[in-house]
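Feature annotations, reproduced from Swiss-Prot:
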ACT_SITE  16  active site
BINDING   101, 102, 103, 104, 105, 106, 107, 108, 109, 110, 111  ATP binding site
ACT_SITE  143  active site
């Protein structure tokens with residue numbers, strides 16, 4: 001194997017929240033047709049990649065709760081991009097510093113997969129273009145493509161059809177999650193499908209109308225003031241009804257001073273509240289941190305960021 005120009009790199013792998021999650025219908029391929037607005041936040045994992053000379057992918061992490069086997073999306077992504085390179089001699093030692101909670105609805109695993117594609121493309125001097133990386137990312141999961149560019153985007157289809165949302169949002173965010181709770185995304189979508197299937201739209205015309213309505217309305221008419229704003233998550237009705245911890249988190253967030261809106265992210269169980277800016281969010285966070293902990297929640301304060309995966 002010829003000597004590679006890069007021996008070690010670090011990649012920032014941020015979380016996301018859903019500002020809008022609407023289930024339109026069921027696709028022929030079994031996935032759900034979605035209309036979403038996804039937004040990156042600065043709660044991030046960090047992944048170090050270092051070349052090795054044994055042609056193997058080795059993964060370690062500071063997290064004791066994370067599987068480091070072949071089912072880990074980092075390993076899957078590394079094998080995908082290695083197979084594409086057709087170079088069996090390529091190898092990497094990977095260390096994941098895990099800060100994003102696992103199974104939380106913040107897409108930490110999807111973000112890590114995207115970070116692996118971007119990181120190894122650089123480390124191994126593969127020079128794969130954006131389109132190729134994007135196609136690879138879509139094979140790994142519905143949320144993975146979003147993180148390649150990130151920021152704030154409309155996400156349609158099963159999540160792989162992306163349109164940049166040129167927003168000027170500067171919200172501060174407080175996150176709450178019960179550390180003892182994780183929720184199956186597959187099961188949650190299945191339960192939603194069973195209950196609301198008669199309401200599904202399958203016609204292209206109606207699907208396009210919902211997409212266009214979201215493009216036109218979104219948060220464009222929102223003026224930063226004391227008013228509440230609408231954040232939508234169709235899965236919340238299922239999870240909140242079956243999970244007292246999520247119901248409690250939403251109640252606590254709804255009663256925070258200066259809260260503009262609150263919702264569940266993805267399929268949960270993490271819930272979030274939006275504030276006018278990070279300074280207000282920090283102040284509210286400091287005032288209520290003990291209360292969050294006393295009620296059994298881990299809590300974070302974050303700001304929105306305009307990028308996804310970042311090479312450091």
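Glycine is no exception: its Cβ is also placed from the backbone N, Cα and C atoms.
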ATP site shell beyond 101, 102, 103, 104, 105, 106, 107, 108, 109, 110, 111, criterion: Cβ within 8 Å of Cβ centroid: 15, 100, 266
Say we define neighbours as other CB atoms within 10 Å of the CB. Which of the binding-site residues 103, 105 has the fewest? 103
Just counting, how many other CB atoms are there within 10 A of the CB of residue 16 (active site)? 30
10 Å Cβ neighbour count around residue 107 (ATP binding site)? 28
Would you list, in sequence order, the binding-site residues among 101, 103, 105, 107, 109, 111 whose CA lies within 10 Å of the CA of residue 16 (active site)? 105, 107, 111
Around residue 143 (active site), which residues of its chain at least 6 apart sit with Cβ under 8 Å of its Cβ? 16, 38, 107, 110, 159
Reduced DSSP assignment, residue 111 (ATP binding site): helix
Neighbour count, 10 Å Cβ-Cβ cut-off, for residue 111 (ATP binding site): what number do you get? 29
